[in-house]
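Peer 1: So Swiss-Prot has the following annotated:
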TRANSMEM  33-53  transmembrane segment
TRANSMEM  77-98  transmembrane segment
BINDING   His83, His182  heme b b562 binding site
BINDING   His97, His196  heme b b566 binding site
TRANSMEM  113-133  transmembrane segment
TRANSMEM  178-198  transmembrane segment
BINDING   His201  ubiquinone binding site
TRANSMEM  226-246  transmembrane segment
TRANSMEM  288-308  transmembrane segment
TRANSMEM  320-340  transmembrane segment
TRANSMEM  347-367  transmembrane segment
Amino acid sequence: MTNLRKTHPLMKIVNSSFIDLPAPSNISSWWNFGSLLGVCLIIQILTGLFLAMHYTSDTMTAFSSVTHICRDVNYGWLIRYLHANGASMFFICLFLHVGRGLYYGSYMYLETWNIGVLLLFAVMATAFMGYVLPWGQMSFWGATVITNLLSAIPYIGSDLVEWIWGGFSVDKATLTRFFAFHFILPFIIAALAGVHLLFLHETGSNNPSGLCSDADKIPFHPYYTIKDILGVLLLILTLTSLVLFSPDLLGDPDNYTPANPLNTPPHIKPEWYFLFAYAILRSIPNKLGGVLALVLSILILAVVPFLHTSKQRSMMFRPFSQCLFWILVADLLTLTWIGGQPVEHPFIIIGQLASILYFLLILVIMPITSLFENNLLKW
């Protein structure tokens with residue numbers, strides 16, 4: 001008799017995705033981040049659900065409802081900090097996952113890659129709206145500054161901003177709609193992640209060598225289920241350590257002050273995971289130019305597959321491209337640092353140079369270097 005997991009309509013979907021899935025035998029720990037992102041999403045949805053039971057999306061009570069969660073709700077402080085720091089873990093896994101894709105040429109699976117870029121945008125939008133909900137100083141001013149950027153769009157800009165605000169400033173209507181979107185988007189992200197997996201399983205996983213691995217596949221279970229469980233345990237260990245020992249390490253002290261439209265904080269800055277994009281935005285003196293650079297800093301990922309000029313897929317055997325990849329990583333870390341600094345000398349010029357280097361590396365230097373490496377191999 002055939003095993004039930006292979007014949008049952010529902011179980012065979014799970015079976016073909018997580019049990020009998022043929023996987024390359026040589027994928028490293030860099031391939032763990034997909035499953036870790038799934039775990040992060042589940043943690044965020046569950047903690048978010050319990051927070052939503054106690055949160056009120058009204059400008060008068062939002063801040064106090066968060067205080068109430070931390071003080072009066074059983075383990076409310078734990079749920080709140082798991083959710084806040086879970087977002088940071090989510091973005092760490094996201095950045096490493098995207099970095100892995102860039103390094104090993106996973107972007108050659110076009111559909112999977114493009115849905116991944118769409119997922120990145122969706123997660124960033126969700127995180128931004130979630131940051132507004134506690135209604136602290138940085139929540140309010142962050143929302144004001146970022147939504148105001150849309151006014152740079154010619155002709156419809158100012159109308160668009162007022163439409164998003166639901167009035168003439170960030171107020172009750174804005175908070176309520178941000179809460180609604182923040183609640184629904186994670187479920188849309190989960191659906192998109194399903195489509196992401198669907199397209200990935202059409203082609204099969206890439207591997208570190210970038211070569212076809214059809215001749216050497218192993219079943220996902222037990223090999224990679226065990227490997228993923230190790231990753232999940234390390235993720236949970238890191239997250240719980242962060243939550244229990246220094247829950248406010250990655251937050252902004254300004255957000256413990258209730259929102260006040262009459263008092264602007266000295267340095268308005270987003271959460272750490274948006275600082276690189278914020279630095280690119282600030283490095284251009286023109287408003288519309290800055291907004292375009294901000295969007296393009298992420299959208300540029302969708303162009304990467306078309307800039308692949310190498311005869312080899314992975315960077316595993318391409319030392320020059322490897323050097324450039326790590327320069328790109330260092331550049332992004334520099335941008336992250338600059339994004340958190342005040343707008344003054346020397347930070348302005350460092351930010352501008354780092355922004356130029358970011359776009360130059362991806363659009364010009366890396367494709368040319370790949371062609372040079374092809375010539376070295378006389379291909």
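Using the three backbone atoms N, Cα and C, a Cβ is placed for every residue, glycine included.
Help me picture these features in the structure, burial and contacts included.
Peer 2: Sequence-remote contacts of a segment are chain residues at least 6 beyond its ends whose Cβ falls under 8 Å from one of its Cβ atoms, and for the transmembrane segment (33-53) they are 69, 79-80, 82-83, 86-87, 89-90, 93-94, 96-97, 100, 182-183, 186-187, 189-190, 193, 228, 231-232, 235, 239.
Remote same-chain residues near the transmembrane segment (77-98) are listed as 30, 33-34, 36-37, 40-41, 43-44, 47-48, 50-51, 66, 69-71, 116, 120, 123, 127, 130, 235, 238-239, 242-243, 247, 250-251, 271-273, 301 (criterion: CB distance under 8 Å, separation of at least six residues from the stretch ends).
Within the same chain, the residues at least 6 positions away from His182 (heme b b562 binding site) whose Cβ sits under 8 Å from its Cβ are Gly48, Thr126, Met129, Gly130, Leu133, listed in sequence order.
A 10 Å cutoff on Cβ-Cβ distances gives His97 (heme b b566 binding site) a total of 20 other Cβ atoms nearby, all chains included. Reduced to three states, the DSSP call for His97 (heme b b566 binding site) is helix.
Less than 8 angstroms from the CB of His201 (ubiquinone binding site) sit Ser16, Ser17, Leu21, each of them six or more residues away in the same chain.
Long-range contacts of the transmembrane segment (288-308) within the same chain: residues 98, 102, 105, 107-108, 110, 113-114, 117, 120-121, 124, 149-150, 152-154, 276-278, 280-282, 355, 358-359, 362-363, 366-367, 370, each at least 6 residues beyond the stretch ends and with a Cβ under 8 Å from a Cβ of the stretch.
Cβ atoms under 8 Å from those of the transmembrane segment (347-367) belong to residues 279-280, 282-284, 293, 296-297, 300, 303-304, 307-309, 321, 324-325, 327-328, 331-332, 334-335, 338-339, 341 of the same chain, restricted to positions at least 6 beyond its ends.
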Peer 1: In terms of Cβ proximity under 8 Å, which residues at least six beyond the ends of the transmembrane segment (320-340) contact it?
Peer 2: 99, 102-103, 269-270, 272, 274-280, 282, 310, 347, 350-351, 354-355, 357-358, 361-362, 365-366, 369-370, 372-373
Peer 1: Would you mind listing the long-range same-chain contacts of the transmembrane segment (226-246), meaning Cβ under 8 Å and 6+ residues beyond its ends?
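Peer 2: Same-chain contacts beyond the ends: 29, 32-33, 35-36, 39-40, 43, 78, 81-82, 85-86, 88-89, 93.
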Peer 1: Tell me the Cα distance separating His83 (heme b b562 binding site) from His196 (heme b b566 binding site), rounded to the nearest angstrom.
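Peer 2: Counting only the Cα atoms, the answer is 24 Å.
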Peer 1: Hey, which bits of the same chain come close to the transmembrane segment (178-198), Cβ under 8 Å, at least six residues off its ends?
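Peer 2: Tertiary neighbours of the transmembrane segment (178-198) are 17, 37-38, 41, 44-45, 48, 52, 55, 57, 112, 115-116, 118-119, 122-123, 125-126, 129-130, 132-133, 143.
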Peer 1: Show which residues of the chain containing His83 (heme b b562 binding site), separated from it by at least 6 in sequence, have their CB under 8 Å from its CB.
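Peer 2: Expected: Gln44, Thr47, Gly48, Leu51.
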